[in-house]
Amino acid sequence: MVTIVDINANTPLRPRHPEKVNRPDSVSPAKPAWIRVKAPTTRGYADTRNIVRENGLVTVCEEAGCPNIGECWDKKHATFMIMGDTCTRACAFCNVKTGMPAALDAGEPEHVAEATFKLGLAHVVVTSVDRDDLADGGAAHIAETIRAIRAKCPTTTIEVLTPDFLRKDGALEQIVAAKPDVFNHNLETVPSRYLSVRPGARYFHSIRLLQRVKEIDPTIFTKSGIMVGLGEQRHEVLQVMDDMRSAEVDFLTIGQYLQPTKKHHAVMNYVTPEEFSNYETVAYTKGFLMVSASPLTRSSHHAGEDFAKLKAARDALAR
C-alpha cells in the first residue's frame, strides 16, 4: 500500500502536489549568502495579511512561497492570485497547489477591488492559476476583475500576469479589451528546458501571445520573465531576449530559481549578482525599456516603482 503524504504538511488526505509525491527527492546546492532574506515580522506585514484574509483572497506571494513577501507586505504591496488556489498545470518549478479547481467565485472581482482600495495601492498586480478546465481559460473573469478595480480605484494602474490560454480561442482578446496597463506573461525558462520544467506549455505559443497583445493594442505595456539556475546556458538566455524583442516586449525580468521542495526541479546552479548585472546590461542594449535582473527579482517585485520607470522610458522615446 502506498501512503500519500502532503509534501508541504498541508493535510495527509490531499497532497498539495499529487503528481510529485512519488518522485525521488532532488538535491540542490546550498543557498549562497546573497539569497538570504529576513523572516516577515513587521506590523505592515500583519496589516496586509489581515486585509487579504478579511476579503477571502489568495496571493501568489504565499502560494508560490515568494522570498520577497516580508518586504512587499510590509509596504502593503500584494499580488492577488484569482480563480482559486489550485492550478490545472503541474510545472516542475511551481509551489502552487495542483489538481481540479473549484468553481469560480463570481464575487471575487469585487473582493479584489475592495482589497486594492483598502491597501491604497497605486499599482496592483493580479495573477491567476491556470484554468484549463474553463472554456475561455478564465479570461472573462480576469477581464471582469480589471473592470472592477477600475470602477473602485480609477487612479490605480493595473498589471495582469496571465496564463498562456493554450487552445483557448478569443481568450486573450477579452483581457486586452479590458485595457490593463501592463500585460505580463512569463516565458519562465529557455526553450530547451520546457519539457522538464514547463511541460504543459509551448514556448513559441507564449511568444506569439505577447506579440498578439501589441498587435491588438500597442499602448499596453508587455512584460515577461524567466528564471535562471535551471540548467540553461548563457547563449540561450540571450536568444530568449531576442525572441522577446521580436515580439516587442517592453519589460524583462530575470530572477534566480529557488526550489520550493525536494520534489520540485533541482537548482542546477546559483547565478551570481555580477552575472545578473551583465544580463541586465545586455538586455538594455537589445532595446528593452525596462529590465530587472537580480537573484531575488520576481515578476511583481517592485512592480509599482518599475511601472513608473517603464512609463518614463516610453515617454522619453516619444519626445
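From the backbone N, Cα and C atoms, a Cβ is placed for every residue, glycine too.
Over in Swiss-Prot, the protein carries these features:
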- C61, C66, C72, S300: [4Fe-4S] cluster 1 binding site (BINDING)
- C87, C91, C94: [4Fe-4S] cluster 2 binding site (BINDING)
- 73-289: domain 'Radical SAM core' (DOMAIN)
- 1-28: region 'Disordered' (REGION)
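Location within the structure of each feature annotated in Swiss-Prot.
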residue	record	DSSP class
C61	[4Fe-4S] cluster 1 binding site	helix
C66	[4Fe-4S] cluster 1 binding site	coil
C72	[4Fe-4S] cluster 1 binding site	helix
C87	[4Fe-4S] cluster 2 binding site	strand
C94	[4Fe-4S] cluster 2 binding site	coil
S300	[4Fe-4S] cluster 1 binding site	coil
Mean of the pLDDT scores, which run from 0 to 100, over the domain 'Radical SAM core' (73-289): 96
Pairwise Cα distance for C87 ([4Fe-4S] cluster 2 binding site)/C72 ([4Fe-4S] cluster 1 binding site) [Å, integer]: 24
Among C72, C91, C94, the one of these binding-site residues whose Cβ has the fewest neighbouring Cβ atoms within 10 Å: C91
Cα separation, C91 ([4Fe-4S] cluster 2 binding site) to S300 ([4Fe-4S] cluster 1 binding site) (Å, whole number): 19
Cα distance (Å, whole number) from C94 ([4Fe-4S] cluster 2 binding site) to C61 ([4Fe-4S] cluster 1 binding site): 12
Site with most surrounding Cβ atoms, counting all protein chains shown within 10 Å, from the binding-site residues C61, C66, C87: C61
Number of Cβ atoms other than its own within 10 Å, given for S300 ([4Fe-4S] cluster 1 binding site): 27
Inter-residue Cα distance where the pair is C91 ([4Fe-4S] cluster 2 binding site) and C72 ([4Fe-4S] cluster 1 binding site), in Å: 25
Other same-chain residues whose Cβ falls within 8 Å of the Cβ centroid of C87, C91, C94, the recorded [4Fe-4S] cluster 2 site, in sequence order: R89, A90, F93, N95, V96, T98, V129, D130
